[in-house]
Amino acid sequence: MSKRLLILYTGGTIGMQHTEKGLAPAPDLAANISALIGSGRTLASDPPQLSVQTVDPLIDSSDMRPGNWIELAGRIESVYDQYDGFVVLHGTDTLAYTSSALSFFIQKRGKPVIVTGAQLPFGYPRSDARSNLISAVEVAATLPEHLTQVCVVFGSRILRGNRATKISARAYDAFASPRVGELGRIGIDIEFQGQQGAPLPLPVNARALSIPADDAVVLLRLYPGISANILRLICQDTNLQALIIEAYGSGNGPVSDPAFTAAIREAIAKGIVVLVVSQPLDGVVHFDRYAAAHEFAGAGAVSGLDITPEAAVTKLYYLIAAGYDSREIKDILSVSLAGEMHLPS
């Protein structure tokens, strides 16, 4: 029996067309999806039954906000029992944020949610739009049960959604997961690689979600010359509940500066959760490796281990939206909710 799949077009390059004012969303994309995919012979597997819906209004992915993630997750959950899988068409700028967010905000588990997009729109010479769409549909229809989760399918790669990050604005393999192995490769055949299974059921109870303030979470990338004053200015925002520090290497920062360390302690004393993640594409935070990282732990910050900045941001928005307080959030940050980080054994 063929699978029933829902394709949700949220916006982005994949569904745009050229106009006098530049690229703009194509109004007839939903009606033409079946034609764009082609006949059933295009798919190697039993052709799925496709339904297509368009998010109204369409969203430029650079305008994506936490409320959009909650709305998109709710839309999928509202019809979860009617379909065997879901394909989300999305702009590439924040695609890794949305794939990470959906892994948390969709509180039901057991069906594939495939997020894809394109570097060039349909109709452009050498566009990757059609091939990415076909691949996403086929992966949604054939993903093995032990790998079922939120995935990014883009170019030749199948990635865990909350491990993906954008690595190129020019290449067709625009996304990678440098901190963990891929779920599969797409070539003449689709080859699934079973190193990482599907995440376990959400280890926290499902909760009603409320839309958090956009400025409830801040991501701050360290750079030479950053001062304690920057931290203090950020922490004056009364909506701020979590500060992610994108630190050097294994979690290092200018914590030998007493004022910088003091500013972190002041933030934590205010009830702001401070999470430290690593800047390098293939990075892991180890507070016990260098003295410059150990000071973060001493100040009360939480290690993000190998979580990506995208997953860190969206995980914190999820925990805030679910109504957890700062103490609970700090505890849950050390738990892998959806396979977003590797816990030390």
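Using the three backbone atoms N, Cα and C, a Cβ is placed for every residue, glycine included.
Per TrEMBL, these features apply:
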DOMAIN    4-195  domain 'L-asparaginase N-terminal'
ACT_SITE  THR13  active site
ACT_SITE  THR13  active site, O-isoaspartyl threonine intermediate
BINDING   SER61, THR92, ASP93  substrate binding site
ACT_SITE  THR92  active site
DOMAIN    217-332  domain 'Asparaginase/glutaminase C-terminal'
*Quick one: which residues besides SER61, THR92, ASP93 have a Cβ within 8 Å of the substrate site's Cβ centroid, in sequence order?*
GLY12, THR13, ASP60, SER62, MET64, HIS90, GLY91, THR94, LEU95, GLY117, LYS166
*Taking every protein chain shown into account, which of the binding-site residues THR92, ASP93 has the largest tally of Cβ atoms within 10 Å of its Cβ?*
THR92
*May I have the DSSP-based helix, strand and coil counts for the residues of the domain 'Asparaginase/glutaminase C-terminal' (217-332)?*
48 helix, 21 strand, 47 coil
*asked:* Which secondary structure state does DSSP assign to SER61 (substrate binding site), in the simple three-class scheme?
replied: helix
*Sort THR13 (active site) into helix, strand or coil using the DSSP assignment.*
helix
_Among the substrate-binding set SER61, THR92, ASP93, as the record gives it, the longest Cα-Cα distance in Å_ = 7
